[in-house]
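Okay, structure first, notes after.
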């Protein structure tokens, strides 16, 4: 009999693969699962829930960082700062709705001038001004 674990003799041991790698994700599925278990959100956590949640978090992070990178490039900067995150989120309708109540430190405000404060455009002088 061969020693060790059962199976075919001479077969190479398969290297373990993380759940993140199996799902094709960069964010850690195991850590999200641990946080879900320790967070007292439910008594039991299914095996697919942390994978799905991790995929959603990774997608949101990629979306925000892409828009913030575009904002940084528009401002001729190579580093993303909180101002670029603020501009990216507030100029996107869906992200603004999702993060509407979120305050970003050092984010500033969107440039906006109310219509009532803008100077009135006069196409031609009125009859009272001609006399």
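In case you wondered, yes, glycine gets a Cβ from its N, Cα and C as well.
Residues annotated as N-acetylserine in Swiss-Prot, with similarity to another entry given as evidence: 2.
The feature N6-acetyllysine is assigned by Swiss-Prot to 5 (among others).
If you look up Swiss-Prot, you'll see 8 (among others) marked as N6-acetyllysine.
Taken from Swiss-Prot, the feature N5-methylglutamine covers 106, and the record attributes it to similarity to another entry. Under 8 Å, Cβ to Cβ, and six or more positions away along its own chain, residue 106 (N5-methylglutamine) finds 81, 82, 83. Classification of residue 106 (N5-methylglutamine) by DSSP places it in coil, neither helical nor stranded.
The Cβ of residue 120 (site 'Not ubiquitinated') has no same-chain neighbour under 8 Å that is 6 or more residues away in sequence. Taken from Swiss-Prot, the feature site 'Not ubiquitinated' covers 120.
According to Swiss-Prot, the feature phosphoserine maps to 128.
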